[in-house]
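S.K.: Would you mind keeping the following structure in view while I ask a few things?
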Amino acid sequence: MQAQTSHPSKNRKNSNYKKAPHRLLQSAQKLKPITMGKVDPAFIQEPEHRPRISYIEGEGFPLIDLSPLHSNNGSAIEGLVKEVGKACKEWGFFQVINHGVPLEKRQKIDSDSRKFFEQSLEEKRKVRRTEKLVLGYYDTEHTKNVRDWKEVFDIVVEEPGLIPASPDPDDKEITELYNQWPEFLPELRETCQDYGQEMVKLARKLFELIALSLGLPADRFHSFFKDHNSYIRLNHYPPCPTPELALGVGRHKDGGALTILAQDDVGGLEVKRKDGEWVRVKPTPDAYIVNVGDIIQVWSNDKYESVEHRAMVNPEKERFSFPFFFNPAHYTMIKPLEELTNEQNPAKYRAYNWGKFTASRRRSNFQKLNVENLQISHFRISD
Ligand SMILES: O=C(O)CCC(=O)C(=O)O
Ligand SMILES: [Fe+2]
C-alpha cells in the first residue's frame, strides 16, 4: 500500500461532539481537573497548540501488511522493505497488520488495563511512581509544562531496568528499576510480561526491515538491544469536558528508538504530517502503530525523522492506548552510523549516552525546570 498525501480539505470530518453528561463530568473529576466550575489552568494548552474539534483523518497514512515476513518469498520481502523505507521517510509513522502478535495478548492487556484504572485513586496510588520508585502509576504527567489529561502505569520489560542514577557525566552510579504490581490485580504482572515479549519480537523484526531499507545488513541494529531498556506504558484518557482546551498527551517526539502502539477503537492519536498538518490516525482493528524515535533519526543521520504527535481527548468516551518503547541498553552511545555518513554527508550529531539522556529526561519529570528538557537537537552539529 502506498503512502499518499492527499489534500487536507478532502478528509475533513466533523466529529460532532455533544455536551458532556453530568455523569461523565463526575468520572473526569477523578483527575481533579475542575476547580470552581472551571478547568484547572494546568491542563490548558496555549491557543496555538489546542486541538481542532474538526479533524483531518489521514487517509494516506501508510498501512503495511507484514505477511511476507512469515513466508520465504524474497521478492515480497523486498517490496515490504521498500514500503517500510518510504513510510519512515515520508511519515515517520505507519500501521502494521499481520504482524504475528496473538490477538489474545492484546485483548488481555486491554481488559487488565481497564480493570486497573477503574480502581479507586486510593488503590492506584498504592503503586504510584515517586522520585525513587520511577515505575508504576502516575496521574500528573506534564508534556512541555502543560498537564496531560491522562493517568498512566509504567512497566519495564526486563527487570531490573538499569539507568544512570543522575544525568551528571561523572556519576557512574547505576539505579536498578523494579516494577510495582497492584495487589488487587495479580494477573497484571504476567499479562504485561507476555505482552512485552511479543513487542520485543515484533520490534526486532521491524528493525531488520528498517536496516534493510537503509541498505544495511538485517542484523545491523541487534547488538544495541542486547540489554535493551524497554518499557510498556498503559495510558488511560478519561472523558474530558473541554477537549478543545486540553490534550491527553501534548505534542512531543518519542526519545527512544522505536515505539509500537496499540490504541483502542475510540481514536485520538494525531500525527504531524510533513506538510505541517495534524492528521488523525484512524483506529484499525488489531493493527499496531509504529513510529521512528529520536534514536533512529540520529542513527540514520536524519534520513528518517522522529515526528511530533499528540493525543486528543473526548467529552464522552474514555480511551486506552498501550505504547511499547523499544530502547537500547543504557550504556549505548548514540551517533550517526558510519555506513550512512561520508564526506558529502557528514555526521549531523555528536555522540551522546542514551542512559544519561533518559536520566536527564526523568529528572525533568519531577522538577519543573525553566529550560526545555534535553532534546537530540542539543547534540546537533551546526552546519
Ligand atoms: O495514546 C496515544 O495515542 C499516544 C501516546 C504517546 O504518544 C506516548 O505515550 O508517547
Ligand atoms: Fe509518543
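Glycine is treated like the rest: Cβ placed from N, Cα and C.
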S.K.: Pick from 1-22, 265-286: which range has region 'Disordered' per TrEMBL?
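M.R.: Matching range for region 'Disordered': 1-22.
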S.K.: What are the DSSP helix/strand/coil residue counts across the domain 'Fe2OG dioxygenase' (227-328)?
M.R.: 6 helix, 40 strand, 56 coil
